[in-house]
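My questions all concern the structure below.
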Amino acid sequence: MILDKFLNLKGTCIQGYLHLENIGIVCRIESKNQKATCPRCGLESDKLHQNHRHLVKDLPISGQPVYLQINRRQFKCDNCQRPFSEELDFVAKKRTYTKRLAANILEQLKEGDILNVSRINDVTEEEIQRMIEDIAEEITEPDLSELKRLGIDEIALVKGQKNYCAVLVNLDTGKLIAILEKRTQEELRETLTGWGKEVLEQIEEVSIDLWLPYKNLVKELMPSAEVVADRFHVMKQINQELDEQRRAEKRAVEAQKNKKQKAEKEAKLEVLKRSKYSLLKNEEDLTEPQKIKLEAIKEKFPNLKKMQELKEELRTIYETSKNPTEGLLSISEWLAKSSSVFTKSCQTIRNWFGEIISYFERRTTNGVVEGINNKLKLIKRRGYGFRNFRNFWVRSMLSWHLVC
């Protein structure tokens with residue numbers, strides 16, 4: 001039968017089908033097996049006890065919805081003297097959809113959200129939630145036997161509420177290892193110690209942001225690992241201090257009361273208008289209007305000029321230093337001339353000096369982690385309908401560890 005080939009459900013036969021307008025194709029199918037295995041004792045039985053027919057949704061055929069009227073037969077076990085339902089490979093017990101439909105929908109969820117995916121596939125949001133919970137049981141612990149370089153970062157689960165999750169990544173494979181509900185030393189300790197001493201001892205490098213509890217924990221649990229302060233977080237702090245100065249300059253201009261200098265005040269405010277990215281972006285990435293804006297800023301605001309140029313100089317040091325010695329000397333020189341304007345950032349760099357210089361040994365960064373964080377943020381932005389951390393965790397791990 002041609003429809004058998006379209007359905008491609010091995011071990012089943014189609015007993016009949018209907019094409020119902022505005023509904024789709026309904027196929028009546030049954031297993032070809034004349035026996036079933038008792039789940040209690042493992043013996044086979046061919047004694048039919050009852051027929052149980054119910055409808056499940058399957059993958060569409062040529063755009064037509066497909067429903068399977070399946071007969072999950074009950075057999076009676078001679079050994080146990082009790083009835084049992086046969087196992088069907090293509091549909092799980094107590095589910096109203098086939099396994100392959102669930103797999104297809106989960107694949108769609110990687111690029112979409114629950115509401116739209118449910119509408120496209122004509123399934124309920126509750127059914128999709130069940131699919132997610134079912135697949136969560138199949139997510140196994142990632143293989144850590146070859147883990148050498150670990151990246152630790154964070155992501156805000158709810159923006160603006162300081163509710164951070166810790167993100168752990170294998171920097172060599174670019175795969176997500178774990179997401180922890182809380183970014184606390186206690187929760188991270190529990191996860192890391194759960195990996196076992198053998199895994200912790202094989203880790204050679206850990207790239208972290210500038211958060212002291214991470215550093216202390218790595219030193220405690222992985223004493224042989226080199227801690228690297230992620231360069232992007234160093235530059236992030238530099239940019240934050242530069243932007244704070246930009247805002248301070250704007251407040252100072254706005255506070256000017258001298259009416260004779262009104263024209264100058266308005267000119268300066270116009271220069272500072274939409275100036276943030278002209279100052280913070282990498283200079284080679286600026287658009288022409290941003291370059292013009294930057295030159296105007298430098299002309300009117302000497303402090304911002306100096307800070308922007310020092311920011312670019314530090315970035316160049318990161319890009320061009322060939323070894324730890326060169327990096328150490330260059331950053332030391334940079335600190336000497338930057339302390340007067342980058343007060344907070346220079347103190348942070350001094351506090352993390354060894355870990356910052358370690359970057360120049362192997363040039364390890366959390367760039368891979370940042371890429372994963374961006375993907376996690378995309379998951380959040382799309383909504384995905386997640387109602388709690390577990391749902392977010394499943395959706396995130398799904399993207400890296402399951403092939404549907």
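Glycine residues also receive a Cβ, built from the backbone N, Cα and C atoms like all the rest.
Feature list, courtesy of TrEMBL:
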type	residues	note
COILED	235-275	coiled coil
DOMAIN	35-80	domain 'Transposase IS204/IS1001/IS1096/IS1165 zinc-finger'
DOMAIN	86-135	domain 'Transposase IS204/IS1001/IS1096/IS1165 helix-turn-helix'
DOMAIN	150-395	domain 'Transposase IS204/IS1001/IS1096/IS1165 DDE'
Sort out the residues at least 6 away from either end of the coiled coil (235-275), same chain, that have Cβ-Cβ distances under 8 Å to it, and list them.
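Distant Cβ neighbours of the coiled coil (235-275) are 210, 293, 296-297, 300-301, 303-304, 307-308, 311, 314-315, 318, 341-345, 348.
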Tell me, roughly as an integer, the mean pLDDT over the domain 'Transposase IS204/IS1001/IS1096/IS1165 DDE' (150-395).
90
What does the DSSP secondary structure composition of the domain 'Transposase IS204/IS1001/IS1096/IS1165 zinc-finger' (35-80) look like, as residue counts for helix, strand and coil?
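Grouping H, G, I as helix and E, B as strand yields 0 helix, 27 strand, 19 coil.
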How does the domain 'Transposase IS204/IS1001/IS1096/IS1165 helix-turn-helix' (86-135) divide up by DSSP, counting helix, then strand, then coil residues?
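Breakdown, helix to coil: 30 helix, 1 strand, 19 coil.
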